[in-house]
């Protein structure tokens, strides 16, 4: 069918719906549709040779019809030059009651100023998708349009070279049937009515954007727009639906004000990596927000105050899928008390612990295809609490590396008992057992058997580990018991001011500390002190005379040893039988090692014969490695003995 004439439909005068798409129509003569008074729907799409000049006769005939929907998509060849819509192409449509008009895929780059004023007032929907529109003077007329829905998606789209255009019988000239009317240039920003903006208190940083007052639905999907959203203020509007998906709005700074009627917003697939905490404050009545397939994982984990979505208090559907989100703060959704659907699938979540307990209407949660091995106990409790208010709370966690081990047995058991509806579990496989979780009860029973056999082993091993650790610690404490006690009393004495730093030998209070048993006190006081202290002028410290009253015995001993250049041990069976004497001996030994750099400060004086088997190992070790002196029983030896003692203590 190459040509339509007045006689083509002369016997179809009652037709209401007429689809002439893809009929290879080249020409339409005037009067072809004039007698179709009941015609409500006309589709002339995909007649590539028709062009806009070919529809002039169509628009001339349509006032005689009952036309409601006009579809003239793709009436230009795919790879032809860009086109312009002129007044003469559609001027007669003003006298129709058209509700919808479709002009998709016509390589439209602009329209003649005033064209929009010729559209009928009954028009509610305009689709001009897949065209080449640019910024131009025709935008002045945008306020005169009373449409409710506009679709300008797929601007500047590429087309396949395989899509061959049909061959035309003749080439139309754009001036064959109508001419462009002369007009005067009008500066856009000077002519636009700014009344709406003058009434506001918005600062100059906001960019004003003018849109039709009656517009409710606006589509500009996949238009190759690459911008960031600055501060924007829209003229008064009734916008309820915006689809701006599949563009490159990479930074949502905003805010965008005057969107108080907006209920649906689709900003998915925009490569956005930043959204400000004020971006959504201009759309408080939003109920559906689709922002999937962006890069919000770079910013949402840092929103610990939950400010990003704080203004969206009546939001019902939120899609954050495929945003590379590694984690979400606990209060990220603190304001979403009316949320019904939450989609977090395809992210990088390793755990979920954000709060949902304040969402009594929540019925669907999608956390599939993340990195979850189990669910946190706190999140499980929130889910169980919600089932008391929501009849069919549904959770999809398929595609996660669920861990089926003894550590996760409580989680697996929860899967068998929960009232939450678990979607796609037949597709879910345990990472460790290679078993599908569609029969979680069987998996739980297998785990209980497997883990119960480990319990005895774990308890036994743990017990042996504890015993071994206690033995090691006990052994170390026993081995270093004297060092520990020495350090303890030294620190305590220094803290209490009983010990002062020693710079040289003159700083010592005593020349010798005398360690002896009380039963050997006669020897010490009647002989030792007489010869050593009175005759030898050597200052000695003895506990009965020089210890500070009221101070702990152990502290007195430690202080006395540290404040004396030497320690004299009066060795006897009485000494070995006394715990305090052995304490003094070991403290003197620790003093020699840790405070005097292994200096020999101990002088052993045996006042009776003792065999090696009578001596403790630590005393015998000192006897074998250091010199000692024995008290003689003869008069000559007694003189030599005291001289040797005084000489040693004077060194």
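Numbering starts at 1 and runs along the chain as displayed.
Placement of Cβ uses the backbone N, Cα and C atoms for every residue, glycine included.
The range from 429-453, 454-478, 479-503 that TrEMBL describes as transmembrane segment is residues 454-478. Residues 406, 484 of the same chain, all 6+ positions outside the transmembrane segment (454-478), place their C-beta atoms under 8 angstroms from a C-beta of that stretch.
With DSSP states grouped into helix (H, G, I), strand (E, B) and coil, the domain 'TIR' (508-649) comes out at 80 helix, 24 strand, 38 coil.
The average pLDDT computed for the domain 'TIR' (508-649) is 86.
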